[in-house]
Amino acid sequence: MSFNYKQTDFEVDLENQEKGPETSWMCWGKTRFLILFIGLVCITCTNANMILMNFTVICMDDVISEQKTTFTNRTHWLEKSSDISLTFSAAAVGAIFGTIPAVTLIARYGIRRVLTVYGLLSAAGTILTPLAVEYGLIPVLIARFFQGVGASVLYSSIGTISESWSPITEIGTFVAFLSSAFQISNIVTMPTAGFLCESSLGWRSIYYIFGGITVVLYIVFYWYYNDAPDQHKHVGKKELRRIRDGKIITSSTIKTQLQVKYSQIFTNWEVFEITLAIIGGSASVICLNNYGPIYLNKVLGLNIRETGYSNAIPYFFAAIVKFAAGPITDKLAHITERIRLIMFAFVPQVAMAIGYLVMSFTSHVIIAQVAYTFSVVLAGLNVIGMVKCAQIVAEKHLALIMAVISMSSWVSAFILPIVIGVICPTNSHAEWSRFYLFVAIFVILTNIPFPFLARVSGRKRVAPETKF
């Protein structure tokens, strides 16, 4: 009796690599970490482009002075809270439009091409913003729309790069480092913007510098990144085996990526709980990211340079905490996955809500700054838990789940400026106190189901798993 054994694609790939000549430089088996770094700086710059307006909008007094000589009988759009909120909403609209085709584009063309194109759109919108401001609100909204489109794929990029390049034992580290781009972008942007705004270069230079750096970084990303680790010239057989060990077999074809029914995604309890928690978390994070400088400057009365540093310091601590938390989630193997998810997703959200409550009820500047810092530091931790939970639930359809999370986030970003424009028209302390109380209650309500619905074993998965 004889048996015909057919090798798997994975075994064929490894055998061919073992037989073939070794590349002269294999990055000492650490190519995945170089990929991680390149992805981190690209995502950082794209998000930085998105949040530049959040700070520089308080530096544009020269534009108001120049243009008021021409339009003396009406209020300039930069003096209207509702119009400034529109610029934030325009970026969110762009992000929503960019998210809609993202999954299909990633499945068909890969994250390498898609992220590069989206990143260059972000750079274009950033470089053109100073010119747009000279022409009025509508051109600014268009530039912001392109920045939003560029940022729309960031969540999917974090999930896809982590799923493709990280070993299962390092998924938390990859997610933590890539998602720390949202904190690092604030650390870099706010003090830089504060310095340049008060320098002879002026606020316009900020957009040219960040836009130009973004173009250069995405050229490097397109040149070095590869969607498949086994096709990267600097990945050796040992590193490839480590990356692939125990992973689910995936196909780069759109047919395989999208064969799961959308009804299976949107009726899955885990997806529902993640999305609901992300909506609450996104609303609170957007308040901090988009309106942090305005709160510090207009409500707490800090000057422009103080606002820049006071907004950057919390994100510095947030990045340190996230860098530490990622590896910790991977090493706490003795704790059940469910407990870890609650620790790094639910608990930080509730603690952040407490920070909002303190800001709501205090009028003391120092206490408000401490509560603000506390909220910012904890805001980043929930991403680790949510993305890890999504990775467990989604498996090979992670890009699709991340797109759902991304869409939820950007819808929140679209609605929130409208709400703030209504509740905080004059940026008074009383108005922001009411608003922060509303945010705290909203975050708690959207996160209450998570500990009860979070399940990581003994459940029906979104898609059947096939492991090596």
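Backbone N, Cα and C define each Cβ position, glycine as well.
TrEMBL annotations: computationally assigned, not manually curated.
Sequence annotations record features per position, and here TrEMBL assigns transmembrane segment to 33-52 (among others).
Annotated domain 'Major facilitator superfamily (MFS) profile' per TrEMBL: 40-457, in sequence order.
Marked as transmembrane segment by TrEMBL: 84-107 (among others).
The feature transmembrane segment is assigned by TrEMBL to 114-131 (among others). Sequence-remote contacts of a segment are chain residues at least 6 beyond its ends whose Cβ falls under 8 Å from one of its Cβ atoms, and for the transmembrane segment (114-131) they are 42, 45-46, 49-50, 52-53, 98, 102, 105-106, 139-140, 143-147, 149-153, 157, 203-204, 207-208, 210-212, 214-215, 217-218, 221-222.
Among residues of the same chain six or more beyond the transmembrane segment (137-155), those with a C-beta under 8 A of the stretch's C-beta atoms are 43, 46-47, 49-50, 53, 77, 83, 86-88, 90-99, 102, 106, 114-115, 118-126, 128-129, 131, 181, 402-403, 405-406, 409-410. According to TrEMBL, the transmembrane segment annotation covers 137-155 (among others).
What TrEMBL records for 167-185 (among others) is transmembrane segment.
Same-chain neighbours of the transmembrane segment (205-225): 34-35, 38-39, 41-42, 45-46, 48-49, 52, 56, 111-113, 115-116, 119-120, 122-124, 126-127, 129-130, 189, 192-193, 196-197, 199, counting only residues six or more beyond its ends whose CB sits under 8 Å from a CB of the stretch. TrEMBL lists 205-225 (among others) with the feature transmembrane segment.
Annotation comment: TrEMBL describes 271-292 (among others) as transmembrane segment.
Beyond the ends of the transmembrane segment (312-329), by six or more residues, the same chain brings 172-177, 179-180, 183-184, 186-191, 340, 344, 372-373, 375-381, 383-385, 388 to within a C-beta distance below 8 angstroms of the stretch. Feature annotation from TrEMBL assigns transmembrane segment to 312-329 (among others).
What TrEMBL lists as transmembrane segment is 341-359 (among others).
What TrEMBL records for 365-387 (among others) is transmembrane segment.
Within its own chain, the transmembrane segment (399-423) is flanked in space by residues 81-82, 85-86, 88-89, 91-93, 95-96, 99-100, 102-103, 106-107, 111, 148, 152-156, 158-160, 163, 257-258, 260, 265-266, 271, 274-275, 278-279, 282-283, 286-287, 290-291, 386-387, 390, 393, 431, 434-435, 438, 462, which lie at least six positions past its ends and keep a Cβ under 8 Å from the stretch. Look at TrEMBL and you will find 399-423 (among others) tagged as transmembrane segment.
Per TrEMBL, transmembrane segment is recorded for 435-454 (among others).
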- Note on the structure: Most Cβ pairs under 8 Å to the transmembrane segment (435-454), of 33-52, 167-185, 341-359, goes to 341-359
- Message: Suppose you look only at the domain 'Major facilitator superfamily (MFS) profile' (40-457); what would the mean pLDDT be?
- Response: 80
- Note on the structure: Of the listed stretches 33-52, 84-107, 341-359, the one with the highest count of C-beta pairs below 8 angstroms to the transmembrane segment (271-292) is 341-359
